[in-house]
Each structure stands twice: as structure tokens, then as C-alpha cells.
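Undergrad: Submitted below is the structure of interest, expressed as C-alpha cells.
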């Protein structure tokens, strides 16, 4: 494939300035300075060409097998990321809008402290969330201040939660334009509308009369309003009509179009997210009507801004349509979708479609890195930067927003600097790619190429989901169909993978062919058959103990069980996230999967010896 390159950065000898990450000033944004910083953030985003982001969550996985690994298809990878995103909370959101001009990288780093505070007393954004002890320990070691997070963290609502919150606030909602119902009116509808029309007519006439000079004293006027049920909405007269159903709401709104010149209908929401009343407000003139609607919209806008909190920044990023650079696309954007957009869909295709509507251009830095250095691991940013030292890629970093610098203790670092490192790594990768091509002259060309070549992770994820191919760039990688994978568990004795392979070779003729063994966690292992056929033979043998003999019969008698890749996919799809994979596979075998979207198409897996679980890390 012809490679298109992204950068107009010039690589001039002797023009390199190296900045230690501890010297980068990252603006820390908390609840106390959030609103006064919003305009500055919007300006930084608008003036930049790219946006780097990095999240710090309260955890990433609850068990070893919950981590995305080489054996996962895009769908199972997404389900694992979805489970983590719904389980753990974002405590820090590092954002770094940046621009590239020649060898100069201009960054605007911010680090937002978040905490899901239930300010509306309605269980949103979250009643509770999970924490991973090792993650919190690491954050404390880095100097993370949990007191600031809890007391000064910025709260937020997702777009879906904001829509729901309108029904929980006490502010009436301006009724939308009415469309006449297509269903025929019943006798009960006709009687109801006639009664309400008469009531509104009398009330409206009293409002008109009260506006003109009459001989009535204040007492008589008050009694008349009391009899007609007239109330005050601010300085304006209003009438509240209680309703029992949304059908009655529709009928009242249709009827009120007869009085649209001087009557404005408002909906009074109930806590059950329905409508409990329609409030009609009398307008003294057309100018008064226009002013009233503007007041309502301003009030709604201010209320929405108050409850959405940090999501205002997410909306800035989305509306800018700038390419977003992420170190870990799947983990970051499942968390962003769950916390700031709405509930995560059940499959990766719907997720990609939903995400692309908000963030159409996403640069997956891990994939970009593998094009330059296929054997590199980008999970550690300093290590990834070091792996590029063999390339001549000078980048000068200039921090544009110098306000609120962070003084770091020795050994401590601000999470906000991760986003700066991501932008710097991206710039270096662009410089390396560009070195093989003629110089691209303009930054506009740079943006266009970025969008074409590397900023379509959302689309490519959806395409890969259809093919169900896992691409793992690692040494000694071999592609294998998911039909040739077998999960085994219930091993009576603890043994290494090499010893288990040796035992299996002596247990059944099927193991005379080439195969491999890897542990997934402490409870289960996976058999990789490099040819088609042996996996079905082995599973058939394990499930028919009477036909077995020798050591394999003894292993089955001691509790050995086996299942194909479809059982693993079913466990992920049905949410059997037990601590041990063996328990999840047992539940999946016992369950009846009636999911119509379940996919039985075989998948291809890239297998790598380097991606085995290291039990020392568990």
C-alpha cells in the first residue's frame, strides 16, 4: 500500500530543543476555575489543528482475562472495553490541543479533575463506581490528590442524561410545535377538548379584561382570577391544566393553537419523566411573547450549562471536528462514550457508528506507531519515545498556556503531561514518515492527509468488525482461525505451559499434529491447532469420556473440560465477567444463548508467543 505522510515538519540539524517532561506547565482545571477557563479552552481548540487526549480511570480490568489480548476479535475486544468503561470512573481528563508548524510543536495542555457528583439528587451521573486497588496505589505514588478530586472535581452529565434531567428540574419546558395527531378523536376526546376550550376561553377573556381599565376593585379582580383558576408565572398570568396522559397533552396543545397569538403553552414535567400539567401563559403583546420565549431559552441554556459540567469541553471537541489523537483508542473512547454521550451499544458496529457521529476523525496512535516501528509497544509513552531515538526527528515543544504551572515533587508527574507526550510522539512519527517523501508545504495539507490516512480509526474499526480480523504487530506472529482454538480448564495439577503441552502430546493421537499451549489465566489455557480439524476431534473426544483411554481419560475424570471459541464469545456477550475464565466458560456452556445477533462466522486470530500472560504480573 502506498503510504501517505502527514507532516510538514522540517528536520534541520542543530535546531532541536529537548524539554524534560517535568518542565511542561500543564494548566490544572478544577470546579473552582472551570467556568472562567471555558472561553480559553474553546479558543485553544479553535486555534489548533489536532487534539491529543489521555484519560486516567479508577481501573482498567478486574481479572487477567478481562484484558484485551491477541485472541480477541474486534467484538470481544469491544465488549471487554465496554465492561471496563461502564465499571470504572474517569478521574483525570488530560486535553492538549496542538499545532505543527515546521519543527515547532505548539501545545495548549490542560488537565481536568473530574468527579461524578449527584448534584440533581437523581442518581446521575452515577450512584457508584468501581476502583482497582493497584491503580489507586499507582496514582497515589504519582502524587495524585484524592481530596482535590472529591471536593474540587468537575461533575458532568452525558447527553442522554441531560435530556432526562429536563424532566427532573422544576423549570417548565416550552412546548414544541404541534403536529396534528393522525388518530381519530373519540367521544371522550371531544368532550375533554370542549371542556378545556371553554375553560381557556373564559380565563383568556378575564386576562384581557384585567389588562383594560375597569371599575372593578382589586378584591373583585382577585376573586375572578381565583374562580377561573388563574395564577401568576413571574409577572404574567397563567392557567395550569392537569393531565392524566400524553394523549391529553396532545389534545390540549392542538386546541391551544386557536389562541396562539397571546397564549404560550408550557409543559410541567413529572418525576416519572412524563407530563403532569400544561401551563398556559398569557402574553400582553407580540413583543411580550417574543421576549418571554427568549427568557425561557436563556433560562434553559443556563440550566443545561450548569448540569452538563465538563461535557461542555467534550462538546467543544466534537463540534470542532478536529482530528483527535489517542494513545488507546478503544479504552479511551468507550469511556468517553459511556460518560459523556450515552449508554454504550451492544456491538462494535453500532459503537463505531454512534462514535463517528460525534468524533469523525480519530487518530489511533498505537496503529500509527506500528507503521513506523512494528515491534514497539506504545503502552508506555516514555518507552515509545525512546524507541524512536534511532530516527532523526527533531521537534521543538512550546507550551502556549503558561498559566497555573505545576510544581512537581521528585518522582511525581502530572497526568496532564501524558497528553503533551502524545502530541510530541505524534509529531515525531509524522517527521519520520515525512522523511521519505518530498516536503509538504502547508499545514492545511498536513491536516488533510491526517484525516485521510490516520484519522479514520472509527471507520476502520467498523470494517474490521465485519471481517473479525485481529491485527497484532508482534514478533513471530502467526494467523490462526478461531475455529482452531480450544479453551481447556479444570486441570487437576498446576503445571507450566511446556509441561502441559508435553502431557497432552502423550494423551491422544490428535496432538501428533502441530499445536501450541498458552495459559489465559490461572484457571484456563488455550490450545492453538495450526491445522483445521484437530480442534473438533479433540472437543468430541473430551465430551465423550466413554470413548477415551489413557491419560486423557484420567484428565477428563479429574475435571478437564473443553470448549470452542464460540463459548468464549458467548461468555463475553452475555456478560459473564467472573474472576476466573473457567467460571465464565462454565456459565456460558450452561446458558441458552438466544441472541439473534450472535455471529458464528469463524474469525482469524494473530497469535504471538509474546502476548502470553506473565503470571508474575498477576
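From the backbone N, Cα and C atoms, a Cβ is placed for every residue, glycine too.
Quantities reported herein were computed from a predicted structural model and do not represent experimental measurements.
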Undergrad: Select one of 147, 171, 418: the residue that Swiss-Prot places in the divalent metal cation site alongside 54, 56, 332.
TA: 418
Undergrad: Within the same chain, and leaving aside 54, 56, 332, 418, name every residue whose CB is within 8 angstroms of the centroid of the CB atoms belonging to the recorded divalent metal cation site, in sequence order.
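TA: Those within range, site residues removed, are 53, 55, 92, 93, 94, 327, 328, 415, 419, 422.
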Undergrad: Among the binding-site residues 54, 56, 418, which residue has its Cβ surrounded by the fewest other Cβ atoms within 10 Å?
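TA: Looking at the binding-site residues 54, 56, 418, the Cβ with the fewest others within 10 Å is that of 56.
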Undergrad: Neighbour count, 10 Å Cβ-Cβ cut-off, for residue 332 (divalent metal cation binding site): what number do you get?
TA: 22
